[in-house]
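*Asks:* To start, I am sharing the structure in question, which I have written as structure tokens.
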Amino acid sequence: KVKDYEVVYPQKVHALHKRDAGESQKPDQKYDDTMQYEFKVNGETVVLHLEKNKELFSKDYSETYYSPDGREITTSPPVEDHCYYNGHIQNDTDSTASINACHGLKGYFKNYGERYLIEPLKLSNSEAHALFKYESLEKEDKTFKTCGVTNTTWKSDDPFKKTSRMSMSIEKKEYLQAKKYVEFYVVADNRMVSLYMFEFLIDAISTTQVYKPLKVHVALIGLEIWSDEDKIEISETAGATLNHFSSWRQSVLLKRKRNDNAQLLTYDIGFVKGIRDKVFSSFQDHSTDPIAMGATMAHELGHNFGMNHDTDLCTCKTGPCIMADKQGYITPQEFSSCSLQFYQNYIMNETPQCIINRPSTKDVISPPVFLNGNYSYMEGSVHWGNSMFCLSPSSLQQFYK
């Protein structure tokens, strides 16, 4: 819901094809690798530069759904010529953008510190788009959502002190700079199916570009919707749902699809099952906002990389930070100084090899933390183990009590 928006008419002003760089463009390619659109923002003309997010999908990406009689249907759609882009506003070095160009321009961009959303207006034979500030998006519920992981579960709350004591060999420096790869599989339960479509979920997943500064490539290897019925019992007890999903993943999913990170999204009580020890988050108020959903996914993945919740000592350049323990109606889009240090500490201490190779064939599961409404709790306790990324699914079960 938006109370105030501006009508703009984006004009495609340039498309840099591969042939311009000395390479041939495929004749059947529908979406350009690079595009530029011109339109006005607050009366000023801007140029939105877009580049296809070629790292969004794994080469083995597949989509799975179920027929009304329960038959599993899996397809492997071509992913080279997709319509999901990252980019920026020209002449703004701090600008970012994540755009779905499948049917017009839909997504967000940041321009001189202000965050905007753009989407096509539903007008026949018109190039009109609605442009509005992200903060003007009217949320149905402006209460804070709380992550169930608490700072007391961590061994150290002072990443800077720990880093200062850490000696870094040449090998560790090279490892820190090496690109990391995480292939993850997303499952949407039956309730989510009635609210979201494939395209919406991919819009949310595409916001994981926030990991690029960390040299982490998060690629979607599979998207599954339980269109006929849930394949496990969705319980309000975190431990019970963990066991159900863990069993399904090990007995069913891993036999047909490898992954580093399996995530289960459910409405009202939303699970994000990842590659670290215990993660659970709520998506119940994101029915119209893929950016907010993507920020929650980025938050939980941050825990996977050893990031603690931010404190008052942690700073971000603009707005709230991704690893804040509470998420309000203004969605964060960057990591704090503390998060970057936590990440470096984890990488230097654990040096998990299973996220270096591309593609990774290691499969790890992690238990959830339960959030219900505005408050969160977790049945059991979190024990942060060593080598979180490289533990087997069965070995992680011992941490959940």
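We count from 1, first residue shown onward.
Cβ coordinates are placed from backbone N, Cα and C, and glycine is handled just like the others.
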*Asks:* Cys102, Cys147, Cys314, Cys390: which one closes the disulfide with Cys338 in TrEMBL?
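*Replies:* Here TrEMBL pairs Cys338 in a disulfide with Cys314.
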*Asks:* If you look at what TrEMBL says, which of Cys316, Cys354 makes a disulfide link with Cys321?
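*Replies:* Cross-referencing TrEMBL, the cysteine bonded to Cys321 turns out to be Cys316.
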*Asks:* Whole-number Å only: compute the distance from the Cα of His309 (Zn(2+) binding site) to the Cα of Cys338 (disulfide bond).
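*Replies:* Here the two Cα atoms lie 9 Å apart.
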*Asks:* In terms of DSSP three-state secondary structure, what is the assignment for Glu300 (active site)?
*Replies:* helix
*Asks:* Quick check: of the recorded positions listed here (His299, Glu300, His303), which one has the Cα closest to that of Cys316 (disulfide bond)?
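*Replies:* Nearest by Cα distance to Cys316 (disulfide bond): His299.
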*Asks:* Return the single residue from the disulfide-bonded residues list (Cys314, Cys338) that has the minimum number of other CB atoms within 10 Å.
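*Replies:* Sparsest of the disulfide-bonded residues Cys314, Cys338 by Cβ contacts within 10 Å: Cys314.
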